Amino acid sequence: MIKKINQHSLGIYLVILAMACVQSGTAIAKFLFPVLGPAGTVSLRLGIASLLLLIIFKVKIVGRNRFDYAWCLLYGLCLAGMNLSFYYAIKFIPMALGTTIEFTGPLALAIILSRKYQDFIWAGLAGLGIALITPWSNTNGIHLGGIALAALAGTFWVGYILCGKLVSQKMKSIDAVALGMGFAFLLVLPFGLNDGFVEKLNIKWLLLGVCVALLSSAIPFSLDMRAFKNLSSKTYSILMSLHPALAALSGFIFLGERLNLIQTLAVLSVIIASIGSAITSKK
């Protein structure tokens, strides 16, 4: 029993660490947008991350079961769609707002999978935090296309959660991450080439791309695949409520965005919801 509880807690810590890496990497990635474009940045990030994982962990690429390739392709499709649509979204709207809208996908999944009344309380509290952190009073200046793209990213996020849970049970986690990320890179590469990111690369942007790749892809997705083994899709989805709070924090640290009182209350709201879901969820 103690082992199960410890493994469950480890899964929670891994998810939180993964989210912190993602938001830090996203904030840094925005510096690449003016030069490489959103698609170019995603291509560079996924390409470097997949290459590092394949080499470091000596992942077997050829000679696998065809079903392994099929699952990894589906997993890669979710990764590609989630990242590409989100990067294009935050090109037009603030990072915290994009993350908030994107989160509606996992939050909806958490409610659908909920089987205890406490889960609706935590999901509702997280939803309140999202509502508070969203700048509703500034809707006239919000790009509608950016909002739609963020919502699309949330849809792909749901697929990522469900597919990642299945893939982690069918093959070695790190293999699934490396191969899935490789497929994701191939899927987004045409968009990146259209942005002309290859011609614009130099040592400075390449090194920054390595940093983004580690923070936004290689490290967090590896942590997620490990966490999937210890957490239910429901618990994982509600824990994702920390993303808007961490996005706001990263925005403050890297982009100089400051939180007002309402936004601070929003951060506290989603943190309480996440802690509550972790305490009351089934192991």
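Note that Cβ sites are derived from N, Cα and C of the backbone, with glycine treated the same way.
So that you can see what the record holds, here are the features copied from TrEMBL:
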{"type": "TRANSMEM", "residues": "12-33", "note": "transmembrane segment"}
{"type": "TRANSMEM", "residues": "39-57", "note": "transmembrane segment"}
{"type": "TRANSMEM", "residues": "69-90", "note": "transmembrane segment"}
{"type": "TRANSMEM", "residues": "96-113", "note": "transmembrane segment"}
{"type": "TRANSMEM", "residues": "120-136", "note": "transmembrane segment"}
{"type": "TRANSMEM", "residues": "142-162", "note": "transmembrane segment"}
{"type": "DOMAIN", "residues": "146-275", "note": "domain 'EamA'"}
{"type": "TRANSMEM", "residues": "174-193", "note": "transmembrane segment"}
{"type": "TRANSMEM", "residues": "205-223", "note": "transmembrane segment"}
{"type": "TRANSMEM", "residues": "235-255", "note": "transmembrane segment"}
{"type": "TRANSMEM", "residues": "261-280", "note": "transmembrane segment"}
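Long-range neighbours of the transmembrane segment (39-57) within the same chain, counting only residues 6 or more positions beyond its ends whose Cβ lies under 8 Å from a Cβ of the stretch, are 25, 29, 32-33, 79-80, 83-84, 87-88, 174-175, 177-178, 181-182, 184-185, 188-189, 191-197, 200-201, 205-206, 209-210, 212-214, 216-218, 221-222. In summary, the transmembrane segment (96-113) lies against the transmembrane segment (235-255): three or more C-beta pairs, each 6 or more positions apart in sequence, are under 8 Å. A Cβ distance under 8 Å defines the sequence-distant neighbours of the transmembrane segment (69-90), meaning residues of its chain 6+ beyond its ends; these are 26, 29-30, 33, 38-39, 41-42, 45-46, 98, 101-102, 146-147, 149-150, 152-153, 155-157, 159-160, 163-164, 166-167, 170-171, 176, 179-188, 191, 221. Among residues of the same chain six or more beyond the transmembrane segment (205-223), those with a C-beta under 8 A of the stretch's C-beta atoms are 14-15, 17-19, 21-22, 24-26, 28-29, 31-32, 35-36, 41, 44-50, 52-53, 79, 173-174, 177, 181. Panel annotation: around the transmembrane segment (142-162), residues 75, 77-79, 81-83, 85-86, 88-93, 97-99, 101-106, 108-109, 135, 233, 236-237, 240 of the same chain, lying at least six beyond its termini, place a Cβ under 8 Å from a Cβ of the stretch. On the 0 to 100 pLDDT scale, the domain 'EamA' (146-275) averages 83 in this prediction.
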